[in-house]
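Copied over from TrEMBL:
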BINDING   His213, His249, His282, His318  heme b binding site
DOMAIN    49-163  domain 'DOMON'
DOMAIN    177-373  domain 'Cytochrome b561'
SIGNAL    1-26  signal peptide
TRANSMEM  212-232  transmembrane segment
TRANSMEM  285-302  transmembrane segment
TRANSMEM  314-334  transmembrane segment
TRANSMEM  349-373  transmembrane segment
Amino acid sequence: MDTKLLTSNLVLFSSILLTLFTFSYGQNCSTHQFTNNNLFSTCNPLPVLNSFLHWTYYPDNHTVDLAYRHGGVTESSWVAWALNPDGTRMAGCQSLIAFRNSSGQIHAYTSPIAGYNTDLSEGALSFSVPRISAEFLGSEMIIFATLELPINRTSFTQVWQNGQVSGQALQVHQTSGDNLRSIGTVDFASGQTSAGAGGGISASARQRRRNIHGVLNAVSWGVLMPMGAIFARYLKVFKSANPAWFYLHAGCQTVAYAVGVAGWGTGLKLGSDSVGIRFDTHRNIGITLFCLGTLQVFALLLRPKPDHKFRLYWNIYHHVTGYTVIILSIINVFEGFDALNGQKNWKKAYIGVIIFLGAIAVLLEAITWFIVIKRKKTSVSDKYPNENGANGYASRPHDQTA
């Protein structure tokens, strides 16, 4: 087994993975392929509710072709995207609505919202909408429309929402968390969006922070930690890898911990900036991982020498804590994907990574067990060269030593 080749392949694989994670989000927006082959010149991720707005603005006739994508919804959900030409809140919004009706068809229509007590009834908007349609794919509802914008304006307040459908009735959306934050501005001419009723923070800024948090933690806790364990468990069996396996293991885990702490910090910042939005399981596992990871770092500094009487107990602690961290890390990466509802490509990529690492571990497990058993047989043969063992192992010649 060429340990250098194995190590270089794993390092190369992790680098490729980091690159894929880094660019996959942008690809989910700007290079998204629609089933009707529509192309749009601009795409911006909206900061909450797993939504994206694609559009092309035509200054000659002051119209906009757009597609609004809303992920993480079910067939019993309604979604809405709206412009408010005269205000900065829900009242006065000119809305595009889509849901699956009782006949099983996706129904898209326009609805003006005069006030907060609305049933989203169908009606004409204050500006013309020559075309509107919608489709539901997987867990994503997509509204397509053409808008004739009000004269001499390209910048508006935008609002987006989702709720549940009961029969033919569209139920009130949730009144907490992201559903109260789904408001911002859009300028169709400049291609810019911002979060909040009066603009301010870039609409993509919060989502970008979420993606950075996800990339840092998926690569550190979810990939580098298991890779470090693979180095320690399997490479040390190969004599040629000693003591390189230890430095690879310690280095990989140290980098994973450092990057993981950075990801943990971004998670704390996201939590403090998102009052009312709670992912308790994800947060609690994250805090547990940080504590266990920190204990592992301090335990490394207190590692007894190999012949010390407490080394056995340290080894037990180190292995139990390490494997607990790996299991919790993988679980929490998937919890994070659930929190980022709609990032299917990320989830699929990570599943592929786990399968790859698992296959490597299974292969190395078989190889190392074979080597260890062969060494034990040879050891018996060396100890009793003139006796036949119960299984005939003692008769093996010395030149068969692994």
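From the backbone N, Cα and C atoms, a Cβ is placed for every residue, glycine too.
Note: TrEMBL annotation is automatic and uncurated.
Overlay of TrEMBL feature records on the structure.
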residue: His213; record: heme b binding site; contacts (Cβ under 8 Å, 6+ apart): Gly263, Thr266, Gly267, Leu270, Gly336
residue: His249; record: heme b binding site; contacts (Cβ under 8 Å, 6+ apart): Gly228, Ala229, Phe231, Ala232, Leu235
residue: His282; record: heme b binding site; contacts (Cβ under 8 Å, 6+ apart): Asn332, Glu335, Gly336, Asp338, Ala339
residue: His318; record: heme b binding site; contacts (Cβ under 8 Å, 6+ apart): Gln296, Ala299, Arg303
What mean pLDDT score does the domain 'DOMON' (49-163) have in the model?
89
Measuring Cα to Cα across His213, His249, His282, His318, which the record gives as the heme b binders, how far apart are the two most distant ones in Å?
27
Tally the residues of the domain 'DOMON' (49-163) by DSSP class, grouping H, G and I as helix, E and B as strand, and everything else as coil.
0 helix, 64 strand, 51 coil
